[in-house]
Amino acid sequence: MLKIILPTIMLLPMALLSPQKLLWINTTTYSFAIATLSLQWILPSYYPYKNLTQWTGIDQTSAPLMVLSCWLLPLMILASQNHLQHEPLARKRIFITSLVMIQPFIILAFSTTELTLFYISFEATLIPTLILITRWGNQPERLSAGIYLLFYTLISSLPLLVAILHLQAQIGTLHLTILELHPPIPTSNSWTNLLSNLALLTAFMVKAPLYGLHLWLPKAHVEAPIAGSMLLAALLLKLGGYGIMRVTLLTGPIPNTLCYPFLTLALWGALMTSSICLRQTDLKSLIAYSSVSHMGLVIAASMIQTHWSFSGAMMLMISHGLTSSMLFCLANTNYERTHSRILLLARGLQPLLPLMATWWLLANLTNMALPPTTNLMAELTIMITLFNWSPLTILLTGAATFLTASYTLFMFTTTQRGPLPTHISHMQNSTSREHLLMTLHIIPLLLLILKPNLIS
């Protein structure tokens, strides 16, 4: 554990003290070294917890997410080089430090075995993202987006703290290893059981946006810089899904009065947001809504609490983290060249940037869940569990996948095909940095299907 956390903390003095020439090179190579070191975590093992210290330990459920979070830090630094090149040196340093600061908190949140520490790190990830959005966003609306993000997460996570303290008062410990051995408490009153379950779930439902509590997400995504959107889409949404998977295992079976509304909202929301995607004019907002619909499937799967559904939710979280991050990078390359996110103003780019068009095609096909990807495997396992739970859900999931395919094709055709807009006279070529960024996103996706038991 410490051999990853300490180097990530030592990235801070490196970002603050590197000379100007070597700033980007140093930070990216160093964070890549940390990412390759962290790959040892995903080896499947028979032990319930690896690297167990007093407060942290790596489980089968947390290892893939931790590797993903270590893997995305160099990619975020790579992606944000271009839009920072005109800034003075001190601001570049501050930007990189705020990116690095969020990393130990995310690693702690995924690896902790103690609920109060989990709550603290879960909330501490909010501060650097808020700084990223409200300081480095592109438009003045970023302040309202930051306020949305802050108040949604704070209001929802206050009941979580109360419920954690309630658990502590009832059982006397908050260690996950002990709580898993502890039989669920037979509460004399069903209302207390229901309300504590609800309080434990709402914070995570807002974080991995459930449809209806998702309004902060498109705003935050549209206003954030590229590193901010990659961070939000790939890691902070996964905190919500991971929290649901952790907490539902502790509290015993969820009462049906809680299970049904959450499940129906998640599936209906997957349907609704993917139909909203068909009407979007804004590219980043379209990708944000698509990630809402994918996370709806994850929420639905982790509410059922079977082995299959947990492994399906895990796989979907990992593959969605990589794909949506890649889509945001592609949208950002368009944005840096045309300076607009509107789909109609940046269409027909295939003759101008032919190599970028292949990356667009690959990313859209993985988003659509085409057969040789882990996305398909995950969606299939989730659909099988949902169908096993109640056969009627096949209507909702089937319609949602159909709409997903249609809006990804819509996005691909509008950005790549059609007549070139008249105001585009010249276009900067795609750089090798961007191609490297896309390959580092897509290679893990294509390699994971060869050995999917690493992430299930």
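Glycine residues also receive a Cβ, built from the backbone N, Cα and C atoms like all the rest.
Because TrEMBL annotations are produced automatically, they should be read as predictions rather than curated entries.
If you check TrEMBL, you get these features:
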type     : residues : note
DOMAIN   : 1-109    : domain 'NADH:ubiquinone oxidoreductase chain 4 N-terminal'
TRANSMEM : 21-43    : transmembrane segment
TRANSMEM : 63-82    : transmembrane segment
TRANSMEM : 94-111   : transmembrane segment
DOMAIN   : 113-403  : domain 'NADH:quinone oxidoreductase/Mrp antiporter transmembrane'
TRANSMEM : 117-137  : transmembrane segment
TRANSMEM : 149-171  : transmembrane segment
TRANSMEM : 191-210  : transmembrane segment
TRANSMEM : 222-240  : transmembrane segment
TRANSMEM : 260-279  : transmembrane segment
TRANSMEM : 286-304  : transmembrane segment
TRANSMEM : 310-330  : transmembrane segment
TRANSMEM : 342-362  : transmembrane segment
TRANSMEM : 382-415  : transmembrane segment
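For the transmembrane segment (260-279), same-chain residues at least 6 beyond its ends with a Cβ under 8 Å from one of its own Cβ atoms are 201, 205, 210-212, 214, 286, 289-290, 292-294, 296-297, 299-300, 303-304, 386, 393, 396-397, 399-400, 403-404, 406-407, 410-411. 149-171 is the stretch from 63-82, 149-171, 286-304, 310-330 with the greatest number of Cβ pairs below 8 Å to the transmembrane segment (191-210). Summed and averaged per residue, pLDDT over the domain 'NADH:ubiquinone oxidoreductase chain 4 N-terminal' (1-109) gives 93.
Across the domain 'NADH:ubiquinone oxidoreductase chain 4 N-terminal' (1-109), DSSP classifies residues as 77 helix, 3 strand, 29 coil.
Within the same chain, the transmembrane segment (310-330) stays apart from the transmembrane segment (21-43): fewer than three Cβ pairs sit under 8 Å, each pair at least 6 residues apart.
Outside the transmembrane segment (63-82) by six or more residues, the chain places 4, 8, 24, 27-28, 31-32, 34-35, 38-39, 41-42, 50, 95-96, 99-100, 103, 106-107, 110-111, 225-227, 230-231, 234-235, 238, 242, 314, 317-318, 321-322, 325, 329, 332, 336, 431, 433, 436-437, 440-441, 444, 454-455 with a CB less than 8 A from a CB of the stretch.
Long-range contacts of the transmembrane segment (21-43) within the same chain: residues 3-4, 7-8, 11, 14-15, 50, 58, 63-64, 66-67, 70-71, 73-74, 77-78, 81, 89, 92-93, 96, 100, 454-455, each at least 6 residues beyond the stretch ends and with a Cβ under 8 Å from a Cβ of the stretch.
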